[in-house]
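Working notes, structure below.
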């Protein structure tokens with residue numbers, strides 16, 4: 001934390017006994033890849049910043065809520081943060097451990113030292129003072145909560161789209177006697193060896209967990225509620241994502257989608273034959289509209305075709321020893337894994353007029369201006385909410401940090417002019 005002044009009252013409307021720390025630079029909420037990218041770019045511009053993080057270290061999602069076999073689903077060239085490339089000895093698709101080493105090295109390189117175990121409980125704009133007021137609660141080793149208020153002209157929301165787990169409300173879920181967990185708690189299929197496991201969800205995580213379960217001697221069943229696009233991770237020896245990005249420079253998105261689906265059918269065959277219906281919209285069009293990514297196959301598809309991974313319909317209800325599906329069939333299971341994703345927690349703490357975020361914590365549509373993809377009113381910025389992954393987060397971080405640094409430099413120049421009078 002740089003360039004701060006400590007005050008007593010603060011005028012923030014919170015606990016009068018809590019300190020208020022007035023910051024010269026922005027306050028960044030979140031020390032994941034997005035927050036680190038903003039901080040690093042501000043460092044490059046010579047501007048101060050303060051990062052607050054609710055967990056005990058950087059990249060909490062990657063450290064504590066991912067499975068062991070996870071790799072980046074896109075080639076490393078599309079996942080680099082600003083200013084630093086991946087080491088040349090890293091594989092094309094880095095493991096989660098590779099990526100964590102990269103992130104920790106990145107933080108050290110730019111001397112980013114987040115204030116850890118600070119959970120933001122409220123952030124609001126103080127119009128009379130022209131400052132963002134951010135209240136955090138810190139739990140120390142003695143389990144005593146410490147409330148602190150920070151004040152800054154700029155607030156960067158970098159807490160991400162994956163802050164809270166999503167578990168669907170399914171009738172009878174509490175009655176299921178077997179183990180039930182969210183995918184954030186899954187590490188390896190070893191503990192499920194010999195068990196019948198229902199995986200609810202057919203995204204990239206659900207598919208890869210089914211693959212992992214198979215490889216560890218479990219019997220996975222994947223519950224599919226809606227259509228899903230499965231694409232080979234590579235086409236013609238190159239990354240499917242990379243090919244799509246190149247084609248989009250010259251062709252409309254619908255035409256690129258047709259090409260991807262044609263090649264996917266040639267490589268994978270007819271996915272609907274095995275219970276995976278394709279949506280009416282193409283994979284890139286869906287990604288553009290909803291942010292939902294297609295599945296990039298890393299081996300699960302061949303096990304679906306061979307019957308080692310079985311596709312089942314949407315779950316209607318749970319019983320003590322299994323599940324009933326919407327087609328009326330019932331099956332017994334030893335465990336259930338909800339690979340049902342995450343959501344933003346921004347609405348629980350950010351108080352704004354809805355100009356930047358929806359009530360669900362998603363980034364509001366930018367309309368005709370791309371500016372609103374990363375900047376809101378009164379010095380409010382967001383990074384990592386555009387649904388474009390690490391590549392998009394890096395681009396947003398560059399723009400947000402450059403904008404903040406320019407405004408900070410203006411305030412410094414104005415202060416220097418006043419002091420020289």
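If you go along the chain as it appears here, the first residue is 1 and each next one adds 1.
Glycine too: its Cβ is placed from the backbone N, Cα and C atoms.
Per Swiss-Prot, these features apply:
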- 30, 31, 32, 33, 34, 35: FAD binding site (BINDING)
- 201, 202, 203, 204, 205, 206: NADP(+) binding site (BINDING)
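Sequence features, as recorded in Swiss-Prot, placed on the structure.
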residue: 30; record: FAD binding site; CB count, 10 Å: 27
residue: 32; record: FAD binding site; CB count, 10 Å: 24
residue: 33; record: FAD binding site; CB count, 10 Å: 27
residue: 35; record: FAD binding site; CB count, 10 Å: 30
residue: 201; record: NADP(+) binding site; CB count, 10 Å: 24
residue: 202; record: NADP(+) binding site; CB count, 10 Å: 24
residue: 203; record: NADP(+) binding site; CB count, 10 Å: 16
residue: 204; record: NADP(+) binding site; CB count, 10 Å: 19
residue: 205; record: NADP(+) binding site; CB count, 10 Å: 23
residue: 206; record: NADP(+) binding site; CB count, 10 Å: 25
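Long-range Cβ proximity for residue 34 (FAD binding site), meaning a same-chain Cβ under 8 A and a gap of 6 or more residues, is found for 158, 160, 383, 384, 393, 396, 397.
The distance from the Cα of residue 32 (FAD binding site) to the Cα of residue 204 (NADP(+) binding site) comes to 20 Å.
Each of 28, 36, 37, 38, 51, 53, 58, 59, 158, 159, 160, 383, 384 belongs to the same chain as 30, 31, 32, 33, 34, 35, is absent from that list, and has a C-beta within 8 angstroms of the C-beta centroid marking the FAD site. Distances between the Cα of residue 205 (NADP(+) binding site) and those of the binding-site residues 30, 31, 33, 35 are shortest for 33. Other residues of the same chain near the NADP(+) site, with their Cβ within 8 Å of the Cβ centroid of 201, 202, 203, 204, 205, 206, are 183, 199, 207, 208, 209, 295, 339, 341. The two recorded residues, residue 201 (NADP(+) binding site) and residue 33 (FAD binding site), show a Cα separation of 25 Å. Its own atom aside, the Cβ of residue 31 (FAD binding site) has 28 Cβ atoms within 10 angstroms in the protein chains shown.
DSSP assigns residue 34 (FAD binding site) to a helical segment in the three-state reduction. Annotated pair residue 33 (FAD binding site) and residue 202 (NADP(+) binding site), C-alpha to C-alpha distance, rounded: 25 Å. A coil conformation is recorded for residue 202 (NADP(+) binding site) in the three-state DSSP classification, outside any helix or strand.
Spacing of residue 35 (FAD binding site) relative to residue 204 (NADP(+) binding site) is 24 Å (Cα to Cα, whole number).
Residue 30 (FAD binding site) and residue 202 (NADP(+) binding site) are 28 Å apart (CA-CA, integer value).
The separation of residue 31 (FAD binding site) from residue 203 (NADP(+) binding site), Cα to Cα, is 25 Å.
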